[in-house]
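Everything below concerns the one structure shown next.
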Amino acid sequence: MVQQPGHDTDPRGIPLPARRRFLQGEPMTEPLPISQWLRNTPYRDPRMMQAPEQDAETRKALELAVRVGELMLRCGAATRNVETAVIAVAAATGLRRLELDITAQSLLLQCPMPDGSPVTMLRVVRSNTRDFARLTAVHELVQDLVKEGIDDLDVAHNRLRAIQREPRPYPHWLVALGYAGLAGSVCALLGGGPFAIVIAIVSALVIDVVDQRLDRRGLPSFFIAGAASAIAIALAWLGFLVAAHGWLGLHMTPADFAYAVSGGIVVLLPGQSLASSVEDGITGYPITGAGRLLTVALSTSGIIAGVAIGLSITLRLDDVLNLDLTSPKALNFSTAPTGIWLQIICGAIGALAVAVTLRLRPRHLLPAASLGAVAAGIAASAHQAAGLGATTGVALAATIMGVCARLFGARLGAPALVMVLPAVTPLLPGLRIFRGMYDSVAGSIVGNAAVGPGEATSTLLGAAAVALAISAGVVLGDVLAAPLDGSVVRRRHARRR
């Protein structure tokens, strides 16, 4: 009997000595099969159709895949999710040899024609939109194509075209109220009083109007963010001025001033882009992740610049009017300004508000609010009850939310990003950004800073650490939950049949 060549034999089938087996290199890397590439994704085990036999059919199949990827990129999906969706659609249409490259906002696909000549398609996404209802619809379409197969490419194209033409689920005035609800809930979560909450809500509404008008004039987002954060400072200062003079019987402490500004800052922070950029960097898309992270850094820098300008003006006026707007000790992060139950309620309200601004489907609003309540409760309990650091508590909450969002999304037919982003947005470090900028500016303007510039820089670095902990925790939770959602997806498809 002739021994077949294997890992322990040479090409002639002769057994290798143990030493040679130990020193022998690994076998040559082969292209990863589609089934392995889609393993542990929502599009696992695709029903692969027969390869197209005509050039026109190949072009039509490739166009369907690239249009799916283009729409997902426009709706804010992470690069890995876009790539797996495109590969799944290509497999479902019968395309086997597919080359795919996603860099920043461009999507390039290439596959061979039946005669062997290559066909290439390129799409460039020049604008993004916050429309998670449309992203969910595309996700459902891809799942249907993967599980049921594609009998008619024209029908699949028509379904995708119908998704593109669907109106947004909420009018703009309701989205503006969502921003206001987020600002008010963050202010209340931090411990702000009633008047501070009102100021935060009004600031969010005014910022939305200004943002819309400046965007129509073509002003870059950096300057829009700076103007919006300066407006948040100015409105909070006006509210503090009214309270300091006792007008209308209103009361507002220096800490309330900070909390009102923090609510407005959280509304401006690019949470969606931050989560996507960190996920891209961690999951093997460094160029795209770096590009998105640069966009996040520029937007955040605009916010910080606006805060600095607003504080420079208001602190000088404060020095002239003698309002005693000094850095409040209540902003010490070693103490919790509010109880756990109040933070849970505010987390739910904030997540619900974010879900509206991201335009989730109406039936996904309550699950998103529930996850927001759980996230706020975990972060508060880990910090107050367990004695963990604030950043560690937030990272733990984000990781658990990543797991829950993956399972909830599989149950509801939505991508994990759709469920997790509203839950973790209220945890973004708006207060730390304001405190760091306040301590940086106050000493140089009026000489009454409570801390030195070194501690102010540490506070800003702490804010960056919290934002990174949230994004990394979400990605880790999604990875941990990936092997667990297969049965959930199968049960959902069985119910739909």
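A Cβ is built for glycine as well, from the same backbone N, Cα and C atoms used for every other residue.
A TrEMBL annotation is a machine prediction, not a hand-curated record.
The annotation domain 'Threonine/serine exporter-like N-terminal' is assigned in TrEMBL to 64-313. Here the domain 'Threonine/serine exporter-like N-terminal' (64-313) returns a mean pLDDT of 87 for the predicted model.
Under the heading domain 'Threonine/Serine exporter ThrE', TrEMBL lists 343-478. The helix, strand and coil residue counts that DSSP assigns across the domain 'Threonine/Serine exporter ThrE' (343-478) are 115 helix, 0 strand, 21 coil.
What TrEMBL lists as transmembrane segment is 177-210 (among others).
Under the heading transmembrane segment, TrEMBL lists 222-245 (among others).
For 290-315 (among others), the entry in TrEMBL reads transmembrane segment.
The transmembrane segment annotation in TrEMBL covers 340-358 (among others).
Tertiary proximity for the transmembrane segment (365-382) is limited to same-chain residues at least six positions away from its ends with a CB under 8 Å from its CB atoms, namely 189, 336, 340, 343-352, 354-356, 388, 390, 392-394, 396-398, 400-401, 404-405, 408, 412, 419-420, 422-424, 426-427. Sequence annotations record features per position, and here TrEMBL assigns transmembrane segment to 365-382 (among others).
Look at TrEMBL and you will find 388-409 (among others) tagged as transmembrane segment.
Under the heading transmembrane segment, TrEMBL lists 416-434 (among others).
Under 8 Å from some Cβ of the transmembrane segment (460-482) lie the Cβ atoms of residues 40-41, 269, 274-275, 277-279, 282-283, 304, 333, 390-392, 394-407, 416, 420, 424, 427-429, 432-433, 436-437, 440, all in the same chain and six or more residues away from its ends. Here TrEMBL flags 460-482 (among others) as transmembrane segment.
Proximity of distant same-chain residues to the transmembrane segment (340-358), defined by a Cβ-Cβ separation under 8 Å and at least 6 residues beyond the stretch ends, is recorded for 130-132, 170, 174-175, 177-182, 184-186, 188-189, 271-272, 364-366, 368-377, 379-381, 384-385, 418, 421-423, 425-427.
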